[in-house]
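Colleague: Straight from TrEMBL, here's the annotation block:
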{"type": "DOMAIN", "residues": "61-481", "note": "domain 'Major facilitator superfamily (MFS) profile'"}
{"type": "TRANSMEM", "residues": "97-114", "note": "transmembrane segment"}
{"type": "TRANSMEM", "residues": "126-145", "note": "transmembrane segment"}
{"type": "TRANSMEM", "residues": "157-177", "note": "transmembrane segment"}
{"type": "TRANSMEM", "residues": "209-230", "note": "transmembrane segment"}
{"type": "TRANSMEM", "residues": "290-312", "note": "transmembrane segment"}
{"type": "TRANSMEM", "residues": "332-350", "note": "transmembrane segment"}
{"type": "TRANSMEM", "residues": "357-379", "note": "transmembrane segment"}
{"type": "TRANSMEM", "residues": "391-415", "note": "transmembrane segment"}
{"type": "TRANSMEM", "residues": "427-447", "note": "transmembrane segment"}
{"type": "TRANSMEM", "residues": "453-474", "note": "transmembrane segment"}
Amino acid sequence: MAIDQGKDFENAQSNGLEDLEAPLLVQQGKASDYEIESKAIADAGGGGDDDGGSIGMVLLSTAVAVCGSFEFGSCVGYSAPTQSAIRKDLNLSLEEYSVFGSILTIGAMFGAITSGRITDFVGRKWAMRISSCFCIVGWLAVFFARGALVLDIGRLFNGYGIGVLSYVIPIFIAEIAPKNLRGGLTTLNQLMIVVGSSFSFLIGSIVSWQILALIGLLPCVALLLGLFLVPESPRWLAKVGLQKEFKTALRQLRGKDANISHEVDEIEEYIATIRSLPKAKLFDLFQGRYIRSVIIGVGLMVLQQFGGINGIGFYLNETFQEAGLSSGKIGTIAYAILQVPITLVGALLMDKSGRRPLVMVSATGTFLGCFLTATGFLLKSHDALLRWVPILGVSGVLIYISAFSIGMGAVPWVIMSEIFPINVKGAAGSLVVLVNWSGAWLVSFTFNFLMNWSMAGTFYIFGGFCAFTVLFVAKIVPETKGKTLEEIQASINRKQYALT
């Protein structure tokens, strides 16, 4: 599945990008913004591969950051195993519980709107601290809830916290990691989301929903404490002009014996180039020089969510029961056990196979899973071949989550963290994460109503989006494996410039 990465962007004619708008040149005799930026970036080197280096601090920093990813997964996975108990204990209707399940994504949308500005203004570490505090308040509200209002407020706070975390964690990891490890380390974000979700599924099957809420506090505390042990992102420090702190942080990350001079020059030259450009706002993202990155980032997030992952994951018990299992917990446990090793395989393949083939294989698998599940429900609606209904329904969901875990869960976030230049990362990140959480809310809120309309039709719709994902990636999405963040920007800009 390996790809010739040296040809990724040169072959973009076949990627369907011929008619994207390219940046305009300035007056004759002066260099364009593109030419200034590309020259600075194209001369840059590998970044972090010097002899004598050490990745110990990179690994520790990543381990601390992904405590937030575990928290993310715990919040997302909380609603599936607790639905029956919460509805019974608090006397909630299906509509009220649908609000509780989906309001997490409303909070995350607000988190997404502010995530870029917060992360750029106070730094990556403080953004994670703020998010942890929101999650702690949210879990305490859920624990003490005795009615729908407090329960929903707690869920809303949790949503805001993970909305910011969903942006800052992959950005932080991508900015501290050497290029040869960036894909795998960034994928740990998705792996720990899956681990947190699976943990909630499994533990939620044996403890009360109140105890599960208290357990959700633990990764927040671990993140808050761990952040005292790791450095800030060197790229952010360089961006805000803290030169001494920038070099100290890079030295900590690369090891005391590493030769970091080349990487320092690379980052400083890139930051200097970015400072010479006007600071981008949200509407500036739709200019020619950024439009390809926006199409890629937004497109991947829309297709990830409209493939149905949050609807299926939030209401897993009921889906398995509709498919014919006597107890939804059996399917939920199988789901939880299966997705962790599959996500780990995806993380290992990220820097070997490349991003594009991994996500195309993943999307093909999610299409197959949706098709099988939809066919099972179609047979059930016509009282035909009823013994095949649970086989098709359950196997389809398990195939879906296996395929999603290996690529579609992680790759969009990895690519999102790689494709935007640092001067627009705040605005672009907020836009992309907002789109992701808006899609998550729409799918999770409407899932029960869609299933009441047509269980087969719901999964056929999801399958259609999964099939379209394969085409979108094949035509639009570039390969970023093995390139520094600066090289990726040079390649994207070079292709846009060449299309003028």
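Backbone N, Cα and C define each Cβ position, glycine as well.
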Colleague: Are the transmembrane segment (126-145) and the transmembrane segment (209-230) near each other by the rule of at least 3 C-beta pairs under 8 angstroms (pairs 6 or more apart)?
Modeller: yes
Colleague: Would you call the transmembrane segment (427-447) and the transmembrane segment (357-379) in contact, using three or more Cβ pairs under 8 Å, pairs 6 or more apart in sequence?
Modeller: no
Colleague: Can you give the mean pLDDT for the domain 'Major facilitator superfamily (MFS) profile' (61-481), rounded to a whole number?
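Modeller: Taking every residue in the domain 'Major facilitator superfamily (MFS) profile' (61-481) and averaging pLDDT yields 87.
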